[in-house]
Every structure is written in structure tokens, then in C-alpha cells.
Amino acid sequence: MRLIPLVTAEQVGKWAARHIVNRINAFKPTADRPFVLGLPTGGTPLTAYKALVEMHKAGQVSFKHVVTFNMDEYVGLPKEHPESYHSFMHRNFFDHVDIPAENINLLNGNAPDIDAECRRYEEKIRSYGKIHLFMGGVGNDGHIAFNEPASSLASRTRIKTLTHETRVANSRFFDGDVDLVPKYALTVGVGTLLDAEEVMILVLGHQKALALQAAVEGNVNHMWTITCLQLHPKAVIVCDEPSTMELKVKTLKYFNELEAENIKGL
């Protein structure tokens, strides 16, 4: 596992965007051989999306031959709702780059048959072979996507009940009213995530410090979903300074020395 210890949220977003752009450009995607990118929503990736849009406008990257799969979507929220993840992605990213509409894949939280929708999503991912890079965030309790504590580390795309803590955290997007936050969501599974060629998780803020400590210094544990990264051959965590407050000094020193060349120029 790689840990990229930075200082600010803006630096985390810039590093993540630069990493994605480098991966896409090195892949040299074509219409017949697209780069497959997994994407998250929420507050954490906003700086990364902003940086990606800026790099696209500067001519440094094209998304014309990129196929995307989003991590999750609320159940029962109309896709036109401003807080649906469909709306979020278009507002913050898709509407500002050159990705074709047919290359965008989002779960349908209003599908008449939820199980069939989850199977369809898994099959669509498999039809491309694999996701080349999956970017994600992490919750205070260590959840990735909506794989809440005690999620199976072999799980696939499915419906999940959201914990009260997650709904309270997400209520900031619903005028602070937890009752407006959906109780269920569709989410890719931990196994789906681990199937990706590379997984990059962004961690911001002191409230994520225990989750980061579990991921880097703890044992693999289904109560801390983020620890699944220890099982992945190519996992990278990009974090800001406040999120590292629970890490041992020697752990942080080790990764700072290891990644010194990779964190220059931010």
C-alpha cells in the first residue's frame, strides 16, 4: 500500500487528479480500448474534480475514450433531485469535460427490480474487463462507497441500509434534516472494488483520522471496511495533514520519506 501524506485538501485533489491524468495518458485509450475509471461522490472528491476539469480545459487530458462507473446511488431519490448522485456527477464533473454520455454509468436507485439492476451493473463492468482505476473516499467509520461496517469483504453490487451515522453525516446536503436522507442505497461491493486494477482512496479531515489509522496500521477487519485495501496489490491512499493525527510518528515519517519525490510540485 502507498500512503501519500500531503498538507491540505487542495493538494490532495491536485495529486489525485494528476495521478488520474497520468494513468489515462499512459494508457493511450481509444474507442475500442477505453480507460475505465471508477468514481465517487460526496465532499471529499470535489477538489479532485475541480482539478480534473482545469486540466481538461488546459488540454492536458481528454475523457473522450474514458468509461466511468460510479460507486453508489441513493434508493428512491429521483435522479433529477439536486442531491442524487446522478445530479452531483453532472454538476461537478461530467458537464465540464468531453466524456460522451454513453460512456457514463450510474446505478439506478429507482429501478423496478433492484437485484436485477445490481446484476446488470456488475455485468456491465465485466464487459469492459475491469476497472483500471477506482477513486473513492472514506467515511468516519471507515466505510467505502456505502459498504458500511460489517460489510462482507467479498461483497458485490447490492442494496445496503445506511447507518444512522452516515445519514447524519450526509444530512448536510439535505438542509441538515436527517429525515430527508434516504435510508437505503445501491453500492458497488468490496469485492467489486478489489477487482479494480488500482484503488485510490482520498482521506480528508481529522474526523477521518481513526479510519486512516485502521487502514494503515490496523488489521484487516470487516468493521473497518477501508482495511480491505491491505488485500489489494495496488492501493494508494492520499491524505491531508489533519487526517494523519492518529498515525504513529514513525509511520508518517516512513511514508513521507518513501514518497518524497512524488509529492513535489503541489
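Placement of Cβ uses the backbone N, Cα and C atoms for every residue, glycine included.
Listed in Swiss-Prot:
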ACT_SITE  Asp72  active site, proton acceptor
ACT_SITE  Asp141  active site, for ring-opening step
ACT_SITE  His143  active site, proton acceptor
ACT_SITE  Glu148  active site, for ring-opening step
SITE      Ser151  site 'Part of the allosteric site'
SITE      Arg158  site 'Part of the allosteric site'
SITE      Lys160  site 'Part of the allosteric site'
SITE      Thr161  site 'Part of the allosteric site'
SITE      Tyr254  site 'Part of the allosteric site'
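There are 26 other Cβ atoms within 10 Å of the Cβ belonging to His143 (active site, proton acceptor).
Asp141 (active site, for ring-opening step) falls within neither a helix nor a strand when secondary structure is assigned with DSSP, and so counts as coil. The Cβ of Glu148 (active site, for ring-opening step) lies under 8 Å from the Cβ of Asp141, Lys160, Thr161, Leu162, Thr163, Thr166, Thr225, each of which sits 6+ residues away along the same chain.
Most buried of the active-site residues Asp72, Asp141, judged by other Cβ atoms within 10 Å, is Asp72. Across the structure, Asp72 (active site, proton acceptor) and Ser151 (site 'Part of the allosteric site') place their CA atoms 15 angstrom apart.
Arg158 (site 'Part of the allosteric site') and His143 (active site, proton acceptor) are 15 Å apart (CA-CA, integer value). There are 12 other Cβ atoms within 10 Å of the Cβ belonging to Thr161 (site 'Part of the allosteric site').
Under the three-state DSSP scheme, Tyr254 (site 'Part of the allosteric site') falls in the helix class. Around the Cβ of Arg158 (site 'Part of the allosteric site'), a 10 Å sphere holds 21 further Cβ atoms from the protein chains shown. If you draw a 10 Å sphere around the CB of Lys160 (site 'Part of the allosteric site'), it holds 21 other CB atoms from the protein chains shown.
Tyr254 (site 'Part of the allosteric site') sits 38 Å from Arg158 (site 'Part of the allosteric site'), taking the Cα positions as reference.
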